[in-house]
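As recorded in TrEMBL, the features of this protein are as follows:
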type	residues	note
DNA_BIND	21-40	DNA-binding region
DOMAIN	69-260	domain 'BPL/LPL catalytic'
BINDING	GLN116, LYS187	biotin binding site
Amino acid sequence: MNIKQVILQAFHDHPGQFISGEELSQTCGCSRTAVWKHIEELRKDGYEFEAVRKSGYRLLVAPDRLSAAEITAGLNTQRIGQQVMAHDEVQSTQPLAHEAAARGAEEGTLVLAEQQTGGKGRLGRQWHSPKGTGIWMSLIIRPAIPLPKTPQMTLLTAVSVARTIREETGLPVKIKWPNDIFIGDKKVCGILTELNAESDRVNYLVIGIGVNANSVAEDFPQELAEIATSLRIESGEQVKRVRFIQQFCRFFEEEYDYFLQNGFERVKAEWEANSYTIGRWVNVQTISQKLEGRAIALDDEGVLMVQDQAGAIHKVYSADVNYRANP
Ligand code: BTX
């Protein structure tokens, strides 16, 4: 942690309280003048402090800015989110995360940006990522799991995002197989999992997560107006993005550690309990096949099972799924 991070951590540990310059200088291991300089820098970053002679400093307002210091201060995890690379504007956080992972970035590293000019969806699609309104981030993980199990990480991520949204906003979210989070019939979050592997060994995964947090209706281009929504539009309230990310990291780590030790069963149960897909009639389009039927469950590996009208059960590994009226 750098000095700014240590100072923010101290204020986080003492919410609403004054901390003396002397105490801060001891905690940071630097002079009181250095503490003062860092406080001034934090002020320029948008933090507001009250300074009272003899009492010290008190943090009044922290900006909703996605900085490494802000996210790591008060983060309650062992490794997820402990390293943060925060950018203002990038094309996409995904290639940056791949580069960082290839250079040896630790598991749990987050790469995020206030704006993406070329945000990526699946299959070459685009992800609309305007400035300051959303959470556009890529998480690096290095699970020791066989390749066929890697799609389970997308489902694990979806379950963790869904829980974060539910607990932070109280909104009723549903997961659409495999990677979208919906509120009502509109998409509020998309997940893009990319893999780097050799023969049967996973080197790392980069999980891209895009959450429309504080977008208002005018932030969406016309083609998204009918299909996209944001947490703010749905709840009427501004989302504290830093807190949202911290909570996501906590839930993800909890779910991930449990998964590494005990397997997929819990994720499967939570996914099914929050599913938009299970029980619905769907049109499935895979690379080689078109299929109509009812989505009935996930199998033990996380593969979607669809039963056609003749009663045959098909396993769907990777596909686009559209919803249709009951026959
Ligand atoms: P997807 O292919 O399932 O969804 C992309 C489709 O969703 C688009 O074709 C469009 O119809 C719609 N869409 C585009 N932008 C939005 C939006 N902001 N809200 C709702 N719907 C939208 C989903 O792919 C995976 C998205 C991952 C995004 C993250 S952000 C951080 C990371 N960096 C990056 O470039 N991508 C990931």
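The chain as shown is numbered from 1 upward.
Backbone N, Cα and C atoms are what each Cβ position is placed from, and that goes for glycine too.
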On the DSSP side of things, how many residues of the DNA-binding region (21-40) fall into helix, strand and coil, could you say?
17 helix, 0 strand, 3 coil
Of GLN116, LYS187 (the binding-site residues), the residue whose Cβ has the fewest other Cβ atoms within 10 Å:
LYS187
Along the DNA-binding region (21-40), what average pLDDT does this model show?
92
